[in-house]
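In TrEMBL this protein carries:
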BINDING   B:Gly56, B:Ala57, B:Ser58, B:Asp62, B:Val88, B:Gly166, B:Asp171  ATP binding site
DOMAIN    B:53-233  domain 'tRNA(Ile)-lysidine/2-thiocytidine synthase N-terminal'
DOMAIN    B:282-312  domain 'Cytoplasmic tRNA 2-thiolation protein 1 C-terminal'
Amino acid sequence: MEERQTSIAQLQSIFTETGFPYFIVPLEKVFSLPTSALIPGTSEADSSHSSYKLAVNQYTKENQTLREEKVVCGVSQLRIEDCSAQQTLALERLFSSLKTLTAKEEMLQMLRQHLILHVARENNFSKVMMGESCSRLAVKLLSNIAVGRGAALASDTGFCDLRFGDVVIVRPMRDYSSKEITFYSRIFRVPSVFIPGLDTKNHDKASIQSLTERFVTNLQADFPSTVSTIYRTSEKLQTTKTPQDQSAASDSKCLLCLCALDAKTNNASAFNATLISEQLSQRKLREAAVDSSRQCCVEDQTCVPGVCCSSNRNPAPTELNTFVCYSCGLMVRDMEEENSLPSYILTEAAKRQSRSLQKQQIMEFLLEDDD
Amino acid sequence: MPVQCSRCEESRAVLKRPKTGHSLCKSCFFWAFEEEIHQTILSAKLFNRGETVAIGASGGKDSTVLAHVMKLLNDRYDYGLNLFLLSVDEGITGYRDDSLETVKRNQQQYELPLKIVSYEELYGWTMDAIVKQVGLKNNCTFCGVFRRQALDRGAMMLNVDKICTGHNADDVAETVLMNVLRGDIARLRRCTAIMTSSDSDGSIPRCKPLKYAYEKEIVLYAYFNKLDYFSTECIYSPNAYRGHARAFLKDLESIRPSSIMSVIHSGETLELKEGVKLPVQGTCSRCGYISSQALCKACVLLEGLNRGLPKLGIGKHQRLHGKILAQEPLTENEERKLRSVDF
């Protein structure tokens with residue numbers, strides 16, 4: 001706890017020097033997030049291509065102070081004493097229920113993103129700038145490929161991330177390698193704070209993310225063009241398009257990361273092959289006991305064959321896998337207790353499930369849009 | 001405590017599947033493995049009835065298992081296919097001639113007709129001679145390009161409808177990673193396709209029935225089936241760039257076994273931005289093989305070898321295609337750049 005206080009004090013001193021208004025939010029706040037954090041908002045700027053000039057003119061007419069508030073470094077706000085011990089315990093429970101470090105890091109990323117999004121929405125910010133450098137994004141691209149987020153690569157590592165609708169996430173530092181940034185901050189004496197992450201002091205193979213980092217750094221030493229080549233590759237990608245229709249949009253997006261659902265069981269895909277392997281390796285009877293495409297205790301190698309865990313849980317969590325994309329599904333499967341997820345995720349999942357049940361009931365009466 | 005097989009729950013489990021972690025007995029594992037390949041073939045609609053299919057056989061574990069499973073499934077599910085074994089002799093002493101003996105044994109074991117094509121007869125160069133000229137670093141390019149053409153030429157000689165190769169899940173995942181690291185967008189999009197597109201110009205489609213089978217499972221299958229295969233690595237492979245991607249993938253697999261499928265999944269679902277320039281398929285003006293440039297890669301490489309300019313095919317050389325076609329001699333500067341080889 002004391003380390004947190006010292007870090008916050010250091011951060012505060014840096015922020016006050018910049019003169020910008022700042023926010024410091026403890027991670028425990030995720031437990032009091034509303035479900036709107038999972039729903040993409042509508043953005044008014046959709047048709048703004050031709051009216052860009054008008055928008056700019058209108059904007060410059062507004063107050064100067066508003067312009068400063070628009071730019072926020074994507075870190076923190078609030079006082080840390082505001083969060084209750086109960087929330088801290090819940091957070092610890094959530095992270096301890098994730099068995100692998102990879103899943104923990106992914107969960108942390110996801111929660112951070114939701115929190116930043118929520119704070120941005122509350123304070124009416126339309127853009128959030130993240131400070132990821134070229135090197136860091138190259139590592140992120142590779143580790144995203146390794147966890148199966150191919151469909152969302154452009155959103156996660158591209159210049160702007162449009163999947164949240166009203167809030168746009170931009171990454172202006174993506175052209176600069178970490179060496180350049182280090183030199184700059186050394187020469188110009190930019191103060192910085194080091195906060196140990198989840199994988200600090202762990203061995204390299206503890207998680208996929210740290211393994212990728214080591215791999216890219218080593219490769220970069222032998223082949224200096226590695227990072228820039230990966231960066232160029234990421235520039236040429238785009239995110240899988242979601243249906244344009246707004247009302248259907250939230251249903252066809254992943255519950256947790258808000259990209260298009262890619263875990264469809266269409267023919268001859270890797271996902272389909274994984275499901276088939278699951279089915280073929282287990283007793284056939286179990287197929288009838290488990291509903292929809294959810295199989296139990298997948299990569300859990302401690303699972304004793306003969307015990308079906310899914311029958312002991314209430315219906316809502318087992319359906320979670322149908323609403324998330326492939327990689328979020330892997331993360332969820334690594335969890336022992338899905339109930340330790342923050343309530344906003346669980347309520348949204350329950351809501352979607354009831355909606356899909358409703359849709360099933362009225363399926364025959366719905367008219368499909370002609371594409 | 002002996003663990004029961006998770007599928008039949010009767011016999012004792014003898015292995016743990018690398019893909020899913022379930023413990024299975026021998027017969028259930030065989031069944032699951034074969035059934036998965038069968039499902040892959042069905043869902044991707046790889047074959048049609050009555051087709052002639054050439055199995056690219058190198059004598060290694062992938063192609064041996066492929067030959068075994070293809071024959072088995074063809075009989076079990078009555079695909080109605082005519083199967084051939086097709087093997088390529090690259091001329092690597094100590095490696096290829098030994099593996100060819102294995103292929104000949106396979107031919108007798110599976111009772112499938114065999115055809116061998118060699119680089120020597122097709123191009124006039126063996127891999128050993130090529131490595132002497134090119135060096136140890138870029139020779140995999142030569143071998144790969146030549147082998148693909150050799151497979152196609154052999155298949156045309158046999159008059160087959162499809163070629164199938166033993167590329168497994170690890171191979172496809174490595175290729176995805178390698179293409180990201182090399183920035184090869186065009187290949188990145190195509191490399192996860194289970195079958196190459198069959199165009200009207202008559203190129204024979206190639207497919208990968210083992211695409212979703214883990215390498216470790218293939219080894220397990222071969223081991224328990226006591227299949228006869230050749231297991232030494234190519235003597236030139238340690239210096240290949242693919243080795244880096246392979247080491248990375250092995251580490252990923254040790255952290256999370258499903259990573260291999262995740263990489264393939266990412267490769268399948270990623271999309272390119274509209275407007276990214278992709279090469280258009282045409283034909284080579286010299287040999288008539290399919291190519292996206294004026295000259296196909298094999299012709300360029302051969303030209304380089306024959307002229308004593310080993311680096312002609314490596315790196316960007318599009319501007320020189322016109323010159324090569326017109327048989328003009330290259331300028332001093334260009335020759336100097338192309339001749340330098342670092343070992």
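The chain as shown is numbered from 1 upward.
Every residue, even glycine, has its Cβ placed from backbone N, Cα and C.
Just so you know, TrEMBL annotations never went through curation; they're auto-generated.
Computed from a predicted structure; not experimentally measured.
Following the DSSP three-state reduction, the secondary structure of B:Gly166 (ATP binding site) is coil. Scoring each of the binding-site residues (B:Asp62, B:Asp171) by how many neighbouring Cβ atoms lie within 10 Å, the top position goes to B:Asp62. Look at the binding-site residues B:Ala57, B:Val88 and count other Cβ atoms within 10 Å of each Cβ; B:Val88 has the fewest.
All chains included, 24 other C-beta atoms sit within 10 angstroms of the C-beta of B:Gly56 (ATP binding site).
With B:Gly56, B:Ala57, B:Ser58, B:Asp62, B:Val88, B:Gly166, B:Asp171 listed as the residues that bind ATP, the site has a largest C-alpha separation of 19 Å. DSSP assigns B:Asp62 (ATP binding site) to a helix in the three-state reduction. Across the domain 'Cytoplasmic tRNA 2-thiolation protein 1 C-terminal' (B:282-312), the DSSP tally of helix, strand and coil residues reads 14 helix, 4 strand, 13 coil. The average pLDDT for the domain 'tRNA(Ile)-lysidine/2-thiocytidine synthase N-terminal' (B:53-233) in the predicted structure is 84. Neighbour count (other Cβ atoms within 10 Å of the Cβ, all protein chains): 24 for B:Gly166 (ATP binding site). In sequence order, B:Ser87, B:Val88, B:Ser99, B:Val103, B:Gly166, B:Phe230 constitute the residues six or more apart from B:Ser58 (ATP binding site) in its chain with CB-CB distances below 8 Å. B:Ala57 (ATP binding site) falls within neither a helix nor a strand when secondary structure is assigned with DSSP, and so counts as coil.
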